[in-house]
Amino acid sequence: MKGQTGLRSLALLYISPLYILERLPLKLSAPDTLVVRGSFIVPTEPLYPSITMVQTNLEVVDDTLHLPRILCLHGGGSNAAIFQAQCRRLIAQLRSEFRFVFAQAPFLSDAEPNVMSVYSQWGPFRRWLRWCPDHPEIRPEDAIRAIDDCLEDVKRQDDAKGATGAWVGLLGFSQGAKMCASLLYRQQIRQELRGRSFAGSDYRFGVLLAGRAPLVSLDPDLDLNSSLPDVSQITDAKYHGPSQDVLRIPTVHVHGMRDPHVDLHRQLFEEFCAPESRRLVEWDGDHRVPLKYNDVSLVAYQIRELATQTGAP
């Protein structure tokens with residue numbers, strides 16, 4: 001009788017998937033041991049006996065379904081599962097306020113070097129944009145369609161899980177941050193020309209981690225007077241401005257001060273985002289997502305401030 005009571009008590013335990021992930025070794029074989037389900041990362045093979053027992057007896061309840069949603073775009077040569085792991089500390093600080101949904105880029109790619117050093121077994125790796133001549137050429141309209149399809153697919157999948165929160169923000173790292181800024185700029189142009197109800201999206205803010213200039217054009221029919229490169233071009237070289245394409249939707253930019261390309265990140269901040277709507281967080285790190293508590297807290301604070309400023313529900 002006493003043993004049965006103990007088992008029932010064990011079945012009621014809740015172990016956060018983020019708690020599990022933060023205690024795993026850095027070099028994981030993710031496809032073999034983890035599966036991403038909405039906002040959760042759960043083991044598919046026994047990692048530790050106690051975890052297996054709890055997972056077997058417990059149906060995890062997702063308590064973020066009603067929260068406002070932030071769509072997250074990974075960097076080039078990465079993927080959605082890797083980016084979710086990289087953002088685990090940020091999610092932990094904001095999980096009672098926002099639901100984070102991670103999109104998968106449409107095009108296959110080699111792993112980015114920093115990704116390869118930690119997540120070499122987490123492939124396949126993907127990209128949003130071309131960054132080297134070896135990437136196959138593609139027509140701009142086909143690239144835009146593939147990107148939009150990926151984003152709409154992940155939104156529909158999240159709706160199907162029962163999520164109901166408004167899509168209030170975009171969050172991206174590196175190439176994903178460039179995509180987030182470009183998506184916000186497209187929304188801004190559409191809202192100016194068509195009105196807010198016909199823009200196709202209504203994101204209130206963007207969180208741009210190590211995002212580099214320039215923006216890319218995601219709607220050539222509307223950007224008739226734009227000097228932006230199209231989405232099919234290689235755009236990693238320094239952009240020679242000044243730019244007439246200025247994003248006014250509020251953004252927070254996160255720059256690692258030891259990132260070798262921080263000058264390109266500053267160019268996106270200074271030349272492509274309006275002074276009255278941009279914020280900056282600088283931290284002592286290189287080209288990666290912040291993980292230390294104090295660094296993450298600065299980013300989380302600015303996200304809360306943006307949400308308040310923009311009236312995000």
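Using the three backbone atoms N, Cα and C, a Cβ is placed for every residue, glycine included.
According to Swiss-Prot:
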ACT_SITE  SER174  active site, charge relay system
ACT_SITE  ASP259  active site, charge relay system
ACT_SITE  HIS287  active site, charge relay system
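Overlay of Swiss-Prot feature records on the structure.
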{"residue": "SER174", "record": "active site, charge relay system", "Cβ within 10 Å": "30"}
{"residue": "ASP259", "record": "active site, charge relay system", "Cβ within 10 Å": "18"}
{"residue": "HIS287", "record": "active site, charge relay system", "Cβ within 10 Å": "19"}
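Between the C-alpha atoms of HIS287 (active site, charge relay system) and SER174 (active site, charge relay system), the distance comes to 8 Å. Here SER174 (active site, charge relay system) is positioned 11 angstrom away from ASP259 (active site, charge relay system), judged by their C-alpha atoms.
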